[in-house]
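A.B. asks: Please find one structure pasted underneath; my questions will follow.
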């Protein structure tokens, strides 16, 4: 997989202005004291229940730069999955997993009245803390520690004293943007009905965040402090990704309070590889999820603030990223995590031609002091191309309502325990099969949505709801008893395909020839067998796998499970042993797992040529 670095650059030096104040975010030189006035405005359906501590909607009025503003807040009901869990460890190493009640939480999204482009991400747990955008500028707000007072400080990030003003440069500040032409082609594609349905469907990323041991020490060994910081980060992630029709549900939080489960090292690439493997072999066996992010207190070598695999969402090992907790202002840490998750969703670094209407966009190769929460036009097209080409399936699945540990919330678009359907608020609902006020089916309806729901009735048994996508896939059909299409079924792994040139693997037929075409174009073919002997060298030109960052040479019988060697038949390309290799994406150009490497033999995920019956 391609790994993409994110680093920090903060070049401005800000003069001392007025008296300084110490806030959670650091020493702030220039700030405005505001006094919040809660505005009573009971919206339809926004009745506070007697046992509810935090209201579903709130409004506050205060002044910014002497002008009154009204901040509208709405509880982020998509912040947690119904089966959200937290894991930490006892002193003797025992795993302790709990399902804390998170329904009546204090995390909100919002907007400023009469500013159509405004956004807000606010924690209302103890006063208001977070950020809001007003007339294109980002402000931070947090309570002053004055007893029995509504006094808050409002300030800009530029007025926070920096612990280290030394400019930091980026190892990959420039991206060649080699896929720019592909982006143009993707936007001009005539999509199949299946691709169009996929693009239009809302996406749900079930996220697990892991905080390492240094984070535990950094925040005074306080599980509560770390939990609060991560909740605030995920609340902002939801604001950022909502524009892409993506909902992020935190399904798990794990804190390594008794020591790290992997070696968390200053070498970001090594740490990411170790974390991805741990996710695949350990975390996924304990907690079903789509994506994992490691939040670490370690300082990576150089200016690196994060690292993520490119185009890897739903992959067991590579749907992951690592992020350094590099700033007291959690807004900037959230931007770094949004950036790494953007790589997982197929977005590369922005080139000079990319724009988002701000000085810096989410997928800029550097994280600047003037960062915005917007994706550039390039990022949005790159993401769209990735969805069209790869169609990752796990993010189509809403978080399950089974194993629910908190009360259902009608109107959050998630069907939870006790609900038949959920089409949003009565104002937004456009589904005639669902009563938005009760989240129950309308009279006479059997279903409200699903691939096997046809005009509020279950589809006829045997109706194809998911056509076969190639010879290694099978068509899935409706049962007549449910609105949902059954679990996607594939031809069994190891079944011969492509005229016995390959074996089916997770619904695809990976063969060397197609992989060469994918890398070098239609004129490419597989190189001669002699070329694959370079995989015995154990360097960038040939190896079978990496262990702790070290390239392991292929054994003689495994050479066709290492780097892929191709021959491009175009006259201008004379190299008979051509590979795809660049330092920033070392894993691209390796032979895909499941590829046939001999009669009855296939490549394992560990780069070994093994019996096809044991390869999977």
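We number each residue from 1, going along the chain as drawn.
In case you wondered, yes, glycine gets a Cβ from its N, Cα and C as well.
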A.B. asks: Could you check which of 339-350, 351-362, 363-374, 375-386 is flagged in Swiss-Prot as motif 'Metal-binding'?
C.D. replies: 339-350
A.B. asks: Run through 190, 506 and tell me the one Swiss-Prot describes as N-linked glycosylation site.
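C.D. replies: The candidate carrying the N-linked glycosylation site note in Swiss-Prot is 506.
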A.B. asks: Which whole-number value in Å describes the distance between the Cα atoms of residue 354 (disulfide bond) and residue 509 (disulfide bond)?
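C.D. replies: Pair distance, Cα basis, whole Å: 36 Å.
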A.B. asks: Here are the disulfide-bonded residues: 378, 439, 531, 544. Which has the lowest count of other Cβ atoms within 10 Å?
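C.D. replies: Fewest other Cβ atoms within 10 Å, among the disulfide-bonded residues 378, 439, 531, 544, is found for 531.
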A.B. asks: When a 10 Å sphere is centred on the Cβ of residue 452 (disulfide bond), how many other Cβ atoms does it contain?
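C.D. replies: 25, counting other Cβ atoms within 10 Å of residue 452 (disulfide bond).
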A.B. asks: Looking at the recorded positions 377, 412, 506, which one has the fewest other Cβ atoms within 10 Å of its own Cβ?
C.D. replies: 506
A.B. asks: For residue 439 (disulfide bond), identify the closest of the recorded positions 340, 409, 412, 416, 422, judging by Cα separation.
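C.D. replies: So, of the listed recorded positions, the one sitting closest to residue 439 (disulfide bond) is 422.
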A.B. asks: How many other Cβ atoms are found within 10 Å of the Cβ atom of residue 516 (disulfide bond), counting all protein chains shown?
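C.D. replies: Neighbour count, Cβ to Cβ under the 10 Å cut-off: 24.
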